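J.: Sequence annotations record features per position, and here Swiss-Prot assigns domain 'Glutamine amidotransferase type-2' to 2-218. According to Swiss-Prot, the feature active site, nucleophile maps to Cys2. As annotated by Swiss-Prot, domain 'SIS 1' applies to 286-426, with the evidence given as sequence analysis. The domain 'SIS 2' annotation in Swiss-Prot covers 459-600 and is backed by sequence analysis. Residues annotated as active site, for Fru-6P isomerization activity in Swiss-Prot, with sequence analysis given as evidence: Lys605.
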Amino acid sequence: MCGIVGAVAQRDVAEILVEGLRRLEYRGYDSAGVAVVDSQSNLTRIRRLGKVQELADAVDQAEVVGGTGIAHTRWATHGEPSEINAHPHQSGDISVVHNGIIENHETLRELLQSRGYVFESQTDTEVIAHLVEWELRTAASLLEAVQKTVKQLEGAYGTVVLDRNDPSRIVVARSGSPIVIGFGVGENFLASDQLALLNVTRRFMYLEEGDVAEITRREVAVYDASGERVEREIAESNAEHDAGDKGQYRHFMQKEIYEQPTALINTMEGRITADSVVTEAIGVNAAEILSKVEHVQIVACGTSYNAGMTARYWFEDIAGVSCDVEIASEFRYRKFVTRPNSLLITLSQSGETADTLAALRLAKEKGYMAAMTICNVAGSSLVRESDFAFMTRAGVEIGVASTKAFTTQLAALLMLVTALGKQQGRISKEKEKEIVEALHALPKQINAALSFEKDIEALATDFADKHHTLFLGRGEFYPIAMEASLKLKEISYIHAEAYAAGELKHGPLALIDADMPVVVVAPSNDLLEKLKSNVEEVRARGGLLYVFADADAGFEGDETMKIITMPHVSEITAAIYYTIPMQLLSYYVALIKGTDVDQPRNLAKAVTVE
């Protein structure tokens, strides 16, 4: 993985390909490359280790021409980051780019070596190039050669193949890794993310599992896994064309932190009235399904898992329905027991997270009453394969460290919890109104919280030279502490851990000293007094405390305990609200340290491999 772009056009496509890669930089990568062929079958391949700009400079210098091409940004999975491991890979006249992991690549490599093929790279992708080259010797067309090749592959792939001897077409295959086709006028495109193509088209088609497509300037022909030609829906995208522009902000992450009030308003629009949740707006047949739910199983990864952990408290406290939350990569390999009338909920910003998708597909075989997804990308695999989808409307999120996707997931989950309790008669009209009013107030409250930016920036200097940080919370604020620790480690590279505050005495207290910052999330709720006792445990051992506390919480600071006073907000939405200062803290610590905030090392935005 990480990003794919392709084009078949009458005009030169090198600039389109490179611009597409720029738009996919947010996904994370270590190298980039293009292969372009002209009408005379002259092929140019250029690969570079490092940023897309280095590739762009090389393409400009080489004056690359040609109307058919493929391009790729790589995030290393097999083989170290290097120019020789960068895509496109070649075998004779065949060029290939690929996202995913070919699990049987070692067996295929041995087979191909026995046929006389010599491998130049350490990647699993090169086996695809050699297999296509081999199959093309006897196949009637490139399409047939690719169809024969993919039947030999085990694992996940979104792969695009170009034959220099047939510059009029490219062939793409998809299994477990997303591919979207863009339709132009006398030209067609493909990518792993529609954002790459928004500057050239607004009409898109998503390939389904097992599809193989042949793309020319005039036509897109799609074939399913059985080889039958099929039609796939073409839809107009309303995604923002300029989503890749930072505007006045220094980083995309900063921009996206500030976009949260608007993202929340958009997510709530049409789903809540002045005093109630509109259950029908949650999804097709949502009211009927929710009325029967006896158990909720949430499956997610990373930040989305933390959102699910927060919502578990809401499902049980507000709706009175038991809820389990599991990391997708663990869920799919566990021999779990499906409870009666259990609703599966997957959470994902991209809708393409490989482990979450695999968990959904497994769950469909295990007797869940329905599968729902809460997702930010319309047309993504999770949305298409779930029984119903609740879209978060956060807008395109570029920064690898998720911000607005997290808070909009929480808002969506709170609306879902309220609808569930309402359908089952477990919450009163008064309680529903209280929740809805708290949600309506939230965007304005978050706008106010963003005004603390300068204070938090000053606070961040205390963390920049530290190697470890501890985050503490209780109840639904324990997952908020988990999310805060994840953000800090992701973008500042400071080792950070989160604990339920009551667990301090069971081990983490051994870590406390004057060099260990301890961040405490302390709203005013029925666990506050317990939390104060935990704070005193740290204080008694010389720990350095930073307490984000409700104005009514009654904390008093001193030289070892700094109090960051937060305005009082509803207990119902406080978990969402307290996320904002945690995001700002992580951002400014990373800024002071000089790390790559938007593209932290070793990480990718959409994890489409296991």
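Using N, Cα and C of the backbone, Cβ positions are placed for all residues, glycine too.
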J.: Would you count the other C-beta atoms found within 10 angstroms of the C-beta of the residue listed as 'active site, nucleophile' for me?
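T.: 26, counting other Cβ atoms within 10 Å of the residue listed as 'active site, nucleophile'.
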J.: Which residue counts does DSSP give the domain 'SIS 2' (459-600) for helix, strand and coil?
T.: 60 helix, 32 strand, 50 coil
J.: Give me the DSSP three-state residue breakdown of the domain 'SIS 1' (286-426), ordered helix, strand, coil.
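T.: Per DSSP, the residues of the domain 'SIS 1' (286-426) fall into 61 helix, 29 strand, 51 coil.
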